[in-house]
Amino acid sequence: MTKISKIIDELNNQQADAAWITTPLNVYYFTGYRSEPHERLFALLIKKDGKQVLFCPKMEVEEVKASPFTGEIVGYLDTENPFSLYPQTINKLLIESEHLTVARQKQLISGFNVNSFGDVDLTIKQLRNIKSEDEISKIRKAAELADKCIEIGVSYLKEGVTECEVVNHIEQTIKQYGVNEMSFDTMVLFGDHAASPHGTPGDRRLKSNEYVLFDLGVIYEHYCSDMTRTIKFGEPSKEAQEIYNIVLEAETSAIQAIKPGIPLKDIDHIARNIISEKGYGEYFPHRLGHGLGLQEHEYQDVSSTNSNLLEAGMVITIEPGIYVPGVAGVRIEDDILVTNEGYEVLTHYEK
């Protein structure tokens, strides 16, 4: 079943006339055309008969024509009302309720004479949850480049270097490999500074005998990677090394349980139980992982409350962590493809 036919099925299920998609990444997912329109309207209209209409600034029309998109294009000037160029009466319209602003919704009511709205968010999330072979190949390459980032960062470690200096070195050096954008702000944290799960790199200088936490990802052809390694610099304290070994055991055990048909919450429980049994449960304050694709965090989440089942074609992260203030912060994260037989680990830097 194609992406568009899945949307049409949802239109029929909700007795709606069309779907209105405005999240730039979702528009790209359906059209193959990527734009960051800022305050301008950029939207895809999918009608029940399968017709697709892309609304975009007129200055982008030629780029759209050169893209894989084959539907109708409505290009508008900044001084024009886009809706006046494509007058429609749409009784019920499905929207991304998690994204669309109230102001845009009011424009739809007046522009398309919309009487009622439905939600298309979950349908799109479910579509994006299962990756095509092309998407998987791009994520695999993004993961390979993330491995290279860790290698670059580790090779730059030396006593006295600051966290920000390591971040800058990674992000500048990886450009030599064709990377123009990171998935998110690169995180490099030294010692007990890593006890803050989402800490911000600063001017802290590296000392001997502490751990260094790297959390980073790159974007390759619009698709993200996201990995974490915690690396020894010298010989950290006995407790810090004990924490590392517990996190590694939790991650390894969780990954080995991955296969289609297993509830996501069961994977979380495996890692969480190991950490709790070793006395560090209160220091593991977040879910085990999340979906990965066009965004570094996307549907679904690997959490203790998610009863949905793993399916072949999903790409998820597994990232247990223990964060003890004043002692250490350790997280280990890999990108995992769910296969028909079980799983494939896409990130490979040594642990």
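Here the Cβ of each residue, glycine as well, is placed from N, Cα and C on the backbone.
On a predicted model such as this, the values are computed, not experimentally measured, just so you know.
Same-site candidate for Mn(2+) 1 binding, as annotated by Swiss-Prot with His290, Glu319, Glu333, chosen from Asp203, Asp226, Asp266: Asp226. DSSP assigns Asp215 (Mn(2+) 2 binding site) to a strand in the three-state reduction. Those same-chain residues not listed among Asp215, Asp226, Glu333 yet with C-beta within 8 angstroms of the centroid of the Mn(2+) 2 site C-beta atoms are Leu216, Gly217, Met227, Thr228, Thr317, Glu319, Arg331. Reduced to three states, the DSSP call for Glu333 (Mn(2+) 2 binding site) is strand.
Summary: among the binding-site residues (Asp215, Asp226), the fewest other C-beta atoms within 10 A of the C-beta are counted at Asp215. Apart from Asp226, His290, Glu319, Glu333, the residues listed for Mn(2+) 1, the same chain places the Cβ atoms of Met227, Thr228, Gly289, Leu292, Thr317, Ile318, Asp334, Asp335 within 8 Å of the centroid of those Cβ atoms. There are 25 other Cβ atoms within 10 Å of the Cβ belonging to Glu333 (Mn(2+) 2 binding site).
Under a cutoff of 8 A between CB atoms, and with a sequence separation of 6+ in the same chain, the neighbours of Glu319 (Mn(2+) 1 binding site) are Thr228, Glu251, Leu288, Gly289, Arg331, Ile332, Glu333, Asp334.
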